[in-house]
Amino acid sequence: MVMGRKTPLLLFFLLSVASAEVFFQEHFDDGWENRWVKSDWKKYEKMAGEWNHTSGKWNGNPNDKGIQTSEDYRFYAISAEFPEFSNKDKTLVFQFSVKHEQKLDCGGGYMKLLSGEVDQKKFGGETPYSIMFGPDICGYTTRKVHAIFSRDGQNHLIKKNVPCETDQLTHVYTLIVRPDATYSILIDNNEKKSGSLYTDWDILPPKKITDPNAKKPEDWDDKEYIPDPEDKKPEGYDDIPMEIPDNEAKKPEDWDDEEDGEWTTPTIPNPDYKGPWEPKRIKNPNFKGKWEAPMIDNPDFKDDPDIYVCPNLKYVAIELWQVKSGTLFDNILVCDDPEYAKKLAEETWGKHKDAEKEAFKQSENKKENKKEEVDKDEDDSEEEKDDNVDDDEAVGKDKVDDDVHDEL
Ligand SMILES: *[C@@H]1O[C@H](CO)[C@@H](O)[C@H](O)[C@H]1NC(C)=O
């Protein structure tokens, strides 16, 4: 078991939830590099990005560091091993926090659980995994939480839409899978989605299907409204003309009967004319509702009570492509107790989220001020330097000067 020994408080808390079985827990304290293996994937193409061990540009606790992607247009692949286990007959909880400091416009923030033997030095996008879970953002169309179970080389994506957080603050993502094949997805300790692995993934064919041989009975009345048989056309209805002479019209003074023909009164639409008569419509007393084929047992369904089981779980891993870097992972947990995970999230993210929000606000204000300064200095001799300093970098440097970062 890998355990972070960060603060006495956290340690106390870990002891106080004694019933939980923790398979993996990582807070990225010093020494984290001994527990994680950076893959050589994409390294020789010079496309492998470096991780930065940091609490980020804004945070609620500068001592709580994680690992952050630090180079744009790079692949990232890193993993850590834990004693192999199977979640059969156990609840599986997979949780981590992620913060997209770069205002992610396209990229992933998800993690994976791998099974069996993996050459961690070669781990990459092609390495099979058992579970992939976490946020994925691309433009305005993809803003979702992935929850993928891999079975026999096939990836099964969740069929429900679970929106993810899109701001630049830390959020905790939790996946819970129970032995009764139910699941829950939580963000910041709030349940966003729950249900069954049977229905919300197509790992197995559906238990029930609509009977393909069923036919709508001939006498099935699915008309909700019908013409009122009692309604009768009023007498003289058809005698009402569509148009009537315009009595206000006058023959123009310069009208010349000889040249223009005989003047006749023009017509206008008749306000009394209501169109062809139609009986009024009433609710159909025989209405049976919309016909639906009955559900029957799916002959192709073969139950697998182990639908939720991932045997030989052995690694947590991050494998990402990032156009813009700045995604920071922290407080990773694999355990069997949702209550434990919830408390851990409270002790880490929950305790510092307000301070982080405040730090972010200040950072944004500084950025605004910096921008104004740069605008003012535009004509100065400093011009060429300004051109090279992007706003983010400028704020980062400011922050380092102001804050007491023990690592710097
Ligand atoms: C690591 O993160 C800190 C805090 O955001 C930043 O100041 C520093 O420049 C980063 N280092 C690298 C190598 O990206």
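Just so you know, glycine gets a Cβ as well, placed from its N, Cα and C.
Secondary structure from DSSP puts E319 (alpha-D-glucoside binding site) in a beta strand. What TrEMBL lists as alpha-D-glucoside binding site is Y110, K112, Y129, D136, E319.
Helix first, then strand, then coil: DSSP counts for the compositional bias 'Basic and acidic residues' (208-236) stand at 0 helix, 6 strand, 23 coil. Annotation source TrEMBL lists compositional bias 'Basic and acidic residues' at 208-236 (among others).
Annotated compositional bias 'Basic and acidic residues' per TrEMBL: 348-374 (among others), in sequence order.
Taken from TrEMBL, the feature compositional bias 'Acidic residues' applies to 375-393.
According to TrEMBL, the compositional bias 'Basic and acidic residues' annotation covers 394-408 (among others).
Take the CB of C138 (disulfide bond) and look out to 10 A: across all protein chains shown you find 14 other CB atoms. Positions annotated as disulfide bond by TrEMBL: C106-C138.
The region 'Disordered' annotation in TrEMBL covers 208-280 (among others).
According to TrEMBL, the region 'Disordered' annotation covers 348-408 (among others).
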Within the compositional bias 'Basic and acidic residues' (348-374), count helix residues (DSSP H, G, I), strand residues (E, B) and coil residues, in that order.
27 helix, 0 strand, 0 coil
Same-chain residues at least 6 beyond the ends of the compositional bias 'Basic and acidic residues' (208-236) with CB under 8 Å of its CB atoms are 277-284, 286-298
If you draw a 10 Å sphere around the Cβ of D136 (alpha-D-glucoside binding site), how many other Cβ atoms fall inside it, taking every protein chain shown into account?
18
Looking only at C-alpha atoms, tell me how far Y110 (alpha-D-glucoside binding site) is from C138 (disulfide bond), rounded to the nearest Å.
13
Would you list, in sequence order, the residues of this chain other than Y110, K112, Y129, D136, E319 that have their CB within 8 A of the centroid of the site's CB atoms, where the site is the one recorded for alpha-D-glucoside?
G108, M111, M132, F133, G134, H146, I148, A317, I318, L320
